[in-house]
Amino acid sequence: WEFNGSFYQPSAFLMMGIPGLEALHPWVSIPFCALYLSALLGNCVILFIIRRTPSLHEPMYYLLSMLAVTDLGLALCTLPTTLGLFWFGLRRIGFDACLTQMYFIHILSFFESSVLLAMAFDRFMAISHPLRHPAILTGSTVLKIGLAIVLRGMLSLLPIPFLLKRLTYCGKTELSHSFCFHPDIMNLACADIKVNVFYGMIILLSTVGMDFIFIVLSYILIIRTVVSLTTKEECLKALNTCVSHICAVLVFFIPMIGLSMIHRFGKNVPPLVNTLVAYTYLIIPPALNPVIYSIKSTHIREALLRALCRKR
């Protein structure tokens, strides 16, 4: 412990694995390894295919590349501590290291939410205004969107580590997960955390919450456009271009909303449920998104098959 008058701060936190399954952690690590491997290889393949295929050098696939980079970052943020805990029983993480990991986990989650919103806008323009779509969503526009996403996430979350660092901590140092999460650290403090709760709630609602609302509005407008199409084939063709994005949105937002609700209102929720929802939120989307887009996107699938044929 670091002592400074009445100010206490732990030198490290202790991470938790899956409650009740501590003795089975080496076996539990097998599906986690498979998910991490899928996330790393899948997103790297998506980036490689888009980079090597000139026909995919358009805004829709630039946004998909941004999503793949974000998913790689999320996987790499939690991989060292999660597998270190499951394989070697390494529970200890330094206080500053924990705050750093927490910052990058949250900032990458905000990036993913913003990229999914940008992809929803791309689908809306492509379906509702196909003639204006190439002129509005150019390569430079996508670059500006990417810079705006990065700046919004970095600046909005920058105060969070400092708000946690000013708190006094007492006694309990066990986290609920094998990674650092803002509500988890905040609840270990024995000081007044109203500022942290208020700021965290405001930032969550004004970023991820607004992103989700605008994604829903985009799909309401898309459905209005699709309904007005003359033939059933045109409707199905238009909706088919959105299926992979809808799956990515559901895979990301459902666990995130569930985890946020558990941390704020689910005091009586079993620890196992809390842990499983957290892992679903941070590990499943990076692992599934490449699979979803590889299966549903004809252009990605064809480019992947061409690359495999060339290797052979």
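Note that Cβ sites are derived from N, Cα and C of the backbone, with glycine treated the same way.
According to TrEMBL, the protein has these features:
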DOMAIN    42-293  domain 'G-protein coupled receptors family 1 profile'
TRANSMEM  24-50  transmembrane segment
TRANSMEM  62-90  transmembrane segment
TRANSMEM  102-121  transmembrane segment
TRANSMEM  142-164  transmembrane segment
TRANSMEM  197-222  transmembrane segment
TRANSMEM  243-264  transmembrane segment
TRANSMEM  276-295  transmembrane segment
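Beyond its flanks by at least six residues, the transmembrane segment (142-164) meets 59, 62-63, 66, 99-100, 102-103, 106-108, 110-111, 114-115, 118, 182, 185-186, 189, 195-196, 199-200, 203, 206-207 of its own chain at Cβ-Cβ distances under 8 Å. Mean model confidence for the domain 'G-protein coupled receptors family 1 profile' (42-293) is a pLDDT of 90.
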